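Colleague: Sharing the features that Swiss-Prot gives for it:
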- 1-20: region 'Disordered' (REGION)
- 60-80: transmembrane segment (TRANSMEM)
- 94-114: transmembrane segment (TRANSMEM)
- 129-147: transmembrane segment (TRANSMEM)
- 159-179: transmembrane segment (TRANSMEM)
- 186-206: transmembrane segment (TRANSMEM)
- 221-241: transmembrane segment (TRANSMEM)
- 247-267: transmembrane segment (TRANSMEM)
- 284-304: transmembrane segment (TRANSMEM)
- 311-331: transmembrane segment (TRANSMEM)
- 335-355: transmembrane segment (TRANSMEM)
Amino acid sequence: MIPPEPPQPQLQPPPPPAPPNHVVTTIENLPAEGSGGVSLSASSRASMRQRIRKVLNREMLISVALGQVLSLLVCGIGLTSKYLAEDFHANTPVFQSFLNYILLFLVYTTTLAVRQGEENLLAILRRRWWKYMILGLIDLEANYLVVKAYQYTTLTSVQLLDCFVIPVVILLSWFFLLIRYKAVHFIGIVVCILGMGCMVGADVLVGRHQGAGENKLVGDLLVLGGATLYGISNVWEESIIRTLSRVEFLGMIGLFGAFFSGIQLAIMEHKELLKVPWDWQIGLLYVGFSACMFGLYSFMPVVIKKTSATSVNLSLLTADLYSLFCGLFLFHYKFSGLYLLSFFTILIGLVLYSSTSTYIAQDPRVYKQFRNPSGPVVDLPSTAQVEPSVTYTSLGQETEEEPHVRVA
């Protein structure tokens with residue numbers, strides 16, 4: 001008898017393949033008991049040092065320093081003007097501007113005249129003469145209105161209302177240059193203006209000379225008009241030096257600025273010029289003023305191209321403080337600790353503003369990084385997908401390609 005075969009084991013169907021796991025699991029090593037506090041504190045200190053080093057990088061510090069060079073030049077302009085007006089009774093703001101425009105004409109306009117091709121002076125005039133004519137007139141009248149305002153209103157009013165140039169530059173940059181700001185930029189701007197307010201408060205407390213203030217409304221309107229024209233001029237300058245060239249801007253400003261200031265000098269200031277008691281001291285002051293003004297005009301496009309018109313105007317807020325510190329020795333001003341507080345508050349605001357980059361909006365979904373002091377810009381290929389530097393968890397298959405985004 002043949003024994004029955006043992007029952008064959010039933011074959012189980014293979015299990016279905018597991019669905020793809022799109023959840024990224026991160027395992028962190030926990031510190032050993034007893035050493036956690038030391039590890040965490042050391043890690044937090046290292047992280048804080050890295051953040052500070054990232055903010056206070058070389059590019060940002062250079063940008064702030066360049067802005068302070070401009071501020072020192074403005075301080076030199078103010079000091080020489082004060083000596084001319086108060087010690088020698090030479091109230092000649094148009095003549096002083098005329099000297100600067102003549103220097104720009106001799107250096108930069110003649111450079112354009114000897115160039116060949118499309119960058120020649122005549123070629124530029126054929127294409128854009130009316131734009132530079134308007135810009136030259138705006139630049140001249142901006143200088144004239146602010147200087148003229150000192151005859152009607154107080155020093156405090158001029159200092160406060162001159163800050164109006166900052167919102168003008170921001171709005172014009174937003175609409176015409178398409179520059180987009182982050183929250184930290186607005187925080188930095190507010191801190192800078194608070195520092196300026198602290199300086200004005202110190203002026204009032206120590207009783208610093210405020211001027212006659214005979215017709216404050218007229219003076220205040222002159223300051224607001226001058227600040228508005230300054231803002232238009234600065235934003236237009238930024239547009240020109242980014243799309244064309246610094247030499248073209250300065251050459252055309254020298255040409256039309258000298259033309260219009262010469263006409264205004266002949267009409268409005270020729271009698272004042274004849275009253276000036278000329279001697280070597282007055283001549284030296286005019287030379288010093290012209291050197292500072294020429295240096296400011298020549299160097300400002302370099303700083304604007306590296307940073308922005310907004311950053312430059314924030315940097316110039318410290319010019320009054322430099323003038324005041326010089327006045328402690330030259331004019332025996334009274335000192336207040338609020339001046340130092342104001343100075344460092346403005347510098348903190350500048351560091352905050354310069355700590356991150358602004359953007360130029362070229363498309364609602366695509367932003368191109370603007371060259372600002374936080375660091376060098378690296379151009380990425382347009383075909384490569386850029387992943388933002390954040391940690392995220394994907395819970396499903398992506399079915400649509402995301403737009404390319406530059407993340408600061």
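Here the Cβ of each residue, glycine as well, is placed from N, Cα and C on the backbone.
Keep in mind that this is a model prediction, so the values were computed, not measured.
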Colleague: Sequence gap of 6 or more, Cβ distance under 8 Å, 3 or more pairs: do the transmembrane segment (247-267) and the transmembrane segment (335-355) meet that?
Modeller: no
Colleague: Short question: most Cβ pairs under 8 Å with the transmembrane segment (221-241), which of 94-114, 129-147, 284-304, 335-355?
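Modeller: So the stretch in question is 129-147.
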Colleague: Please give the sequence-distant neighbours of the transmembrane segment (94-114): residues at least 6 beyond its ends with Cβ less than 8 Å from one of its Cβ atoms.
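Modeller: Those are 81, 84, 120-121, 124, 140, 143-144, 247-248, 250-255, 257-258, 261-262, 264-265, 268-269, 272-273, 286, 289-290, 293-294, 297-298, in sequence order.
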Colleague: What stretch, picked from 129-147, 284-304, 311-331, 335-355, has the most CB pairs under 8 A with the transmembrane segment (159-179)?
Modeller: 311-331
Colleague: Determine which residues of the chain contact the transmembrane segment (284-304) at the Cβ level, with the cut-off under 8 Å and only residues 6 or more beyond its ends counted.
Modeller: 63, 66-67, 69-70, 73-74, 76-77, 80-81, 83-84, 88, 96-97, 99-100, 103-104, 107, 234, 237-238, 241, 246, 249-250, 253, 311-312, 315
Colleague: Taking 60-80, 129-147, 186-206 as candidates, which has the most Cβ pairs under 8 Å with the transmembrane segment (311-331)?
Modeller: 60-80
